[in-house]
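The structure under discussion appears below in the form of structure tokens.
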Amino acid sequence: MAREFSLEKTRNIGIMAHVDAGKTTTTERILYYTGKIHKIGETHEGASQMDWMEQEQERGITITSAATTAQWNNHRVNIIDTPGHVDFTIEVQRSLRVLDGAVTVLDSQSGVEPQTETVWRQATEYGVPRIVFANKMDKIGADFLYSVSTLHDRLQANAHPIQLPIGSEDDFRGIIDLIKMKAEIYTNDLGTDILEEDIPAEYLDQAQEYREKLVEAVAETDEDLMMKYLEGEEITNEELKAGIRKATINVEFFPVLCGSAFKNKGVQLMLDAVIDYLPSPLDIPAIKGINPDTDEEETRPASDEEPFAALAFKIMTDPFVGRLTFFRVYSGVLQSGSYVLNTSKGKRERIGRILQMHANSRQEIDTVYSGDIAAAVGLKDTTTGDSLTDEKAKIILESINVPEPVIQLMVEPKSKADQDKMGIALQKLAEEDPTFRVETNVETGETVISGMGELHLDVLVDRMRREFKVEANVGAPQVSYRETFRASTQARGFFKRQSGGKGQFGDVWIEFTPNEEGKGFEFENAIVGGVVPREFIPAVEKGLVESMANGVLAGYPMVDVKAKLYDGSYHDVDSSETAFKIAASLALKEAAKSAQPAILEPMMLVTITVPEENLGDVMGHVTARRGRVDGMEAHGNSQIVRAYVPLAEMFGYATVLRSASQGRGTFMMVFDHYEDVPKSVQEEIIKKNKGED
């Protein structure tokens, strides 16, 4: 099958936003106008095309990012609809990793909200160009220019309107195009009849003012345009569009559009902007990776002529076809039935069938080309973040960063029959979602699941019940603490056992130092002269890793520690891997006496919105919960408080806030970082864990 759309005419985009900004409805309208669906499904009626899991339709939020492909103006647009709820941040992160551009959807009444900040920060990390769609212009309190100001104030984004609304709330009836300087007036409810008119007289001054600001902002990103602008020459519409495209692709400028997806206004113009301003796979730098045979860096330009290279970014269990692996092709061509190499695992995989996805329906295709996003059936060993490549041209692409889970709970099957099924169900769910961890407590035999938040674990337990028919009892949520060392120290681990026959002998000296936050555990072998033979070095590292899984204070996993093995001794006959593993774990225990071990707790960035009269209550809540206020701002009659609060103190806060504000207050929280717990709290945690032992 020949390539249908050239790379220049391909767009891979994500739709990202805060929960309830109208993201799924926006995607629905895109599918409607591009001819993919014939009837529009409303999210609040549970009928949306993109929200296809049962829980999504019940809860009216998007949980898994469904991928779909559509056509607009002779271009192919591959769309990934990402969740806006903070507990599903990995879904956003992994889709951003494989996208070329994104549409950030705002609620025009609220502007930038907490989760908008999170996804914006992630998109900036991955260098993803964005356009902004200020949605819900028909909503009471909608304020387009306020929304634009929040992009500047909260995100420090160089964002400028390329459109202005005509009217707002019930009176929202059209859009001013600041490039063409024309008005688009909507005359029916489906948004299909649009009249292009002159800008209404009462909006002309404002339009000219914002057109001038737009031209100046774009000129500042381009030397040639700046010269023309300073010399007073007119910048043509074509030059302005080209300037916006270049600056947007370079992530120096963010065009802002407006509309109401629910009322079918502005979506086609937003689709035009996707084509006009977001990059094709040819506009972004070639993907980099490491050749596993040479350890050299290599690149793969977007071209069908290059060797095949793709990244698996999502695993899903489909009720009809089984395990689906979603992947983005960066270079080359792949045909169904062929073999590829999973370079991350060193395993050969056969591609059974290739499917092009449309929310929850699928079309079988026999070939995918560079720049495409598709799903494969039949891959057994591939997980999220793995590279799939041509067997003769190996490359390992940069993987996907997986955040650490912050909350855990115990699950136990209700019956013996459920026990076996639960193991299989949890394994499959963990394959799909790398932020979901399943562990067995060695001492109690209990199964502990960890994730990014209460809703995250709720949904997974719910899926276990519905999809795998497993009934389970669920314990109360617990915080996922971590442990670390705060001081450097040197420690000896010496293990010797003589009891007739072959003995055991292992002797190591290890220097422990605190590592940078987020760097995890790093091991260095600094042995000189073979005082510890080379074959025992991996056993020392393994002994440390195993011991650090159950830390030195309260049994929580240890993070961010460097260990340097610099001395030791061995016995010709009695030394073994086991002896050196035990010696390493003894060195860690010894180090704990002088390395100032500390317990770390997850700190959440909490954003609380309350009526002005409840501000005092909220400040009291934050202080009482060991939190610290980071900032406040007024928005209408409400106050927005941003604070860092330990997760351990936030359980049950929804009820407290509801009663303090008579149900008018709301809050959002997102994991931010780990921090040392105060000494008094640390002692409590240790006592509690010792008591349980």
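Don't overthink the numbers, they just go from 1 along the chain as shown.
Cβ from N, Cα, C; glycine included.
Swiss-Prot annotations:
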type	residues	note
DOMAIN	8-282	domain 'tr-type G'
BINDING	17-24, 81-85, 135-138	GTP binding site
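In the three-state DSSP scheme, Met137 (GTP binding site) falls into the coil class.
For the domain 'tr-type G' (8-282), the model's average pLDDT works out to 83. Under the DSSP three-state reduction, Thr82 (GTP binding site) is assigned to coil, being neither helix nor strand.
Ala17 (GTP binding site) carries a strand DSSP state (E or B).
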